[in-house]
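Student: This is the structure I want to talk about, given as structure tokens.
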Amino acid sequence: MAALLVVVLVAMSAMVATANFNQEFDITWGDGRGKILEDGQLLTLTLDRTSGSGFQSKHEYLYGKIDMQLKLVPGNSAGTVTAYYLSSQGPTHDEIDFEFLGNVTGEPYTLHTNVFTQGQGQREMQFRLWYDPTKDFHTYSILWNPKHIIFMVDDMPIRDFRNLEGKGIAFPKNQPMRLYSSLWNADDWATQGGRVKTDWTHAPFSASYRGFRADACVVAAGGRTRCGATVGTDAAPGTGAAAAAGGWYNQELDLTRQQRMRWVQSKYMIYNYCTDPKRFPQGVPAECSM
């Protein structure tokens with residue numbers, strides 16, 4: 001499948017200015033509640049009693065390292081969810097999720113992660129954050145390559161979903177995914193299992209985005225391969241994804257970063273599907289024992 005896809009390399013390192021939201025995203029719903037500001041350097045989503053809002057990337061990605069800086073809804077955010085995720089479409093879609101579940105004033109957000117393969121999810125891991133995500137912007141990253149899906153917060157790895165296809169476990173590898181984000185009301189489940197509802201006297205609720213970077217392989221129409229989608233320059237014909245992509249395409253966690261991830265999980269993880277046998281009467285998913 002990958003050999004048949006035309007890829008575009010979007011390579012924006014930390015040395016290069018971050019992307020312009022006007023060029024990279026479309027606000028897709030919310031009737032004006034999503035706004036691109038500051039000459040394309042800032043995007044805000046708003047939720048009120050009538051509607052939330054959301055946006056999606058203009059490009060589809062097939063592997064990449066995606067970075068976004070977010071500042072979440074401050075104060076009493078109970079009942080709200082800020083979702084930030086990669087997803088394909090259809091009943092057998094793949095998906096890689098960050099979701100931020102709001103809480104009452106003074107109580108911490110829950111960071112909810114999940115991975116869907118061929119339409120099957122139920123791989124939730126949840127964390128408390130070690131800082132207040134409403135006071136300033138923090139970087140949330142997805143590294144997706146043929147061997148790993150690594151979730152990172154301010155470059156700290158918190159979760160690594162490995163490719164275990166050789167053991168019969170599906171892994172996202174064939175379906176290009178767009179990047180989506182939305183701010184919406186989910187007070188039937190989001191905060192303390194739905195016991196705490198959204199307090200609309202605090203509306204409108206707002207989340208902010210900046211600093212988007214995609215170092216990724218991007219599916220292009222028209223049968224061409226380009227390097228740098230925002231510039232539109234052409235790559236050499238036949239350039240392979242791995243050769244063009246750079247270090248992220250084969251990146252894994254070294255021993256030090258594995259230890260950091262285990263430390264985060266031991267200190268801040270509050271739910272792991274692999275340790276919830278009551279939820280899986282037939283046994284926890286196979287990857288949990290590998």
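Including glycine, each Cβ sits where the backbone N, Cα and C put it.
According to TrEMBL:
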type: ACT_SITE; residues: Glu95; note: active site, nucleophile
type: ACT_SITE; residues: Glu99; note: active site, proton donor
type: DOMAIN; residues: 15-209; note: domain 'GH16'
type: CARBOHYD; residues: Asn103; note: N-linked glycosylation site
type: SIGNAL; residues: 1-19; note: signal peptide
Student: To the nearest whole angstrom, what is the C-alpha distance linking Asn103 (N-linked glycosylation site) and the residue listed as 'active site, nucleophile'?
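Tutor: Answer for this pair: 25 Å between alpha carbons.
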Student: With every protein chain in view, what's the tally of Cβ atoms within 10 Å of the Cβ of the residue listed as 'N-linked glycosylation site', excluding that atom itself?
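Tutor: I get 20 for this one.
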Student: Tell me which residues of the chain lie with their Cβ under 8 angstroms from that of Glu99 (active site, proton donor), as long as they are six or more apart in sequence?
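Tutor: The list for Glu99 (active site, proton donor) reads Val81, Thr82, Ala83, Tyr84, Tyr85, Leu111, His112, Thr113, Asn114, given in order along the sequence.
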Student: Run through the Cβ atoms and count how many others sit within 10 Å of the one on Glu95 (active site, nucleophile).
Tutor: 18
